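Chemist: Have a look at the structure that comes next, please.
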């Protein structure tokens, strides 16, 4: 038992090692068409987000589902903490016509749904700019529009030549050339022409052209925070030029006798050289580099909110203003001998802005590292590919990978990355798919095998036919899925946003209270009751002001706001790198509340690669005719049972398969299929499926055939022509080798497991015994609706909602015992249960509908990834809780110290 746990934990250790703690608690730091694989890799298909989840779809003014409602995605720059997020969501969300607003801090993304009659995407961007942040629209990729960069145009005649060449291409509806930008925007009929044909037309006209698309580069730049890191590093270096001299002036030079006479010299009575130098050193930092803090704080003030920048400005301006006023008051003296040096601390504002800029630099560098897994995925696609220009594969041509199109034959040499999804046409090799699936054993490829874009070829040379290119590849879909998961919010984030929303105002109130309190103590209490630092008559107000400023400086709301998004971004990226795709933050949190896991049987616990091991034929039924009808009808279904029957019957009815026509096909969920089949000029009502599909009783011979096979765990499929049973097929499946280990590990993790299937009770019990699921937890003969009803029966009623806000916070941080139900499946008939479960887990070899309904997709098609996915989610959520604990402890401890709570006991 222990060895089993160690094996799973060992497999998980590489994932866990990537989940580094991400607690931002530093003072002054801000924020915070389905084809099943034949054993040679994962299935390739677009993987859609779970319907109804909080995953966000990309697009510019994309339809949002309701009439008149559109959705736009924007890149928002300038956000530093959850207060910024709250400001945008609250202020924009309160506008008439705005349906919903969702902002992701780390991803710097905002998704807004709006009434198209009142708003436009550009107007939404302007509204965010008005709030105080910079918003840029993220263009949606379109199939019927493309922008090309054209080189060599020098005059209006050139633009006319390019436009004329493009408009002569069949399918092109418009072409608009910009000479200044050296670009041309082309609209065309998708399917009539291609991007490569457009590029070729421009080149034939005598110019060079490439596809213009900066979305990926801008996303990479945004994710890695290149611009922000450079800006804050430059600001930090500039601060050092002034902060270091100001610090040395105050802490070193003023205490050395060598400089004492010079620094204490008076330019006029009360105006000291040291203070003038300090003021001059402060001005470039306070009003130059600090100008961005002023702009942000002012815009927040205009809209009635406060952010971290508000605290920075209050702290620095308080110290700077106090110092300037002290200098002005010192000028009242008449003679140099009667003057007393003013109490100034210009270095405080200078050093504070310096440390804040350093914090912003480190914060943005850390944010860039949190998306390392995603940026690594985005860089997997190669830049160029070699294609064959003729069907004989003799003439080669190197093209940019973005110009690949479906149907191209690509040459793949040893060590080269696969440029697009495809099917091997010639050659054999091993391909490393580890960066896509997390499986480090190379996968053997041969003619007919599936290739995934972004994977690395081994030592052989392959020719493959492109089946998906560009944004339709599996890699692009995975990247989109992970981006949407990282943009979504886990429910626990709502509590952090609430706290951060009131944090800054509370700090401002506390700092004001601190000033009033210590001024009261300094001027109204007897000296014996006062701390030593307040007994000097000239330092009472200065020391009280320092304590007030300390509260503003030490407070850090950003650690709270970054606790969840940093962990979610790292966790989902690491999961994607290891073949576990988590679709949203809510899915991650739901996984931590699962107590019961329900498995589908066929294709989930078993391989789903069934084969016919025996058959029974009615005495008067022609075998070839029956096989031909079964072959033709089942060819319309994607179910694994249907595929096995098609392969088997094809061998029995070669001469008749092409003569059968099918009409009125109907799939009966959980039971089988019905259709009209015409064979040799005669039409039959064909029923193929389980015994429950037809009410006619089984003849004795068929019953005698079925009983022993069902006892051995075989699945029986019956075929009726009208009301006559003409054949019965016994299909056998093999249990996945890791099924028993996965179930056992889930039991050891404290979860219970059950199995539900549409198969017979005897077959289901045989599989359950083999994998370790108690027979009492086996539910057989279920339709999709029956699975849905059973799932609701397994679910424990949710607890009553928290009565108070603090109870809600406690419930989020210290949840009760898990009560959720997870469903693991792969077929269309599993889709309702996958969508209705607290957590739906789909294997990548399953149907497209199942993948859309699931919350988590397992790319490696291995059941051991089910407990690993739970371990990953639990580890991420544990990190979130630890981040909250550390962030809270920092503020709870440091703020009272900054307020001077321990001054009465002599602790400064």
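The backbone N, Cα and C atoms fix where each Cβ goes, and this holds for glycine too.
What TrEMBL records for 70-136, 144-210 is domain 'HMA'. Per TrEMBL, the feature region 'Disordered' maps to 23-66. What TrEMBL records for 232-251, 271-290, 311-331, 502-526, 547-568, 884-907 is transmembrane segment.
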Chemist: Determine which residues of the chain contact the transmembrane segment (232-251) at the Cβ level, with the cut-off under 8 Å and only residues 6 or more beyond its ends counted.
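Modeler: Contacts with the transmembrane segment (232-251): 263, 274, 277-278, 281-282, 284-285, 288-289, 345-347, 350-351, 353-354, 357-358, 360-361, 364.
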Chemist: Looking only at the domain 'HMA' (144-210), how are its residues distributed among DSSP helix, strand and coil?
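Modeler: Breakdown, helix to coil: 22 helix, 25 strand, 20 coil.
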Chemist: Should anything in the same chain at least six residues away from the transmembrane segment (271-290) have a Cβ under 8 Å from its Cβ atoms, list it; otherwise answer none.
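Modeler: Sequence-remote neighbours of the transmembrane segment (271-290) are 235, 238-239, 242-243, 245-246, 249-250, 254, 262-265, 312-313, 316-317, 320, 323-324, 327, 330-331, 341-342, 344, 346-347, 349-350, 353-354, 357.
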Chemist: Please compute the mean pLDDT of the model over the domain 'HMA' (70-136).
Modeler: 83
Chemist: From the DSSP assignment alone, can you count helix, strand and coil residues within the domain 'HMA' (70-136)?
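Modeler: Result for the domain 'HMA' (70-136), in helix, strand, coil order: 23 helix, 25 strand, 19 coil.
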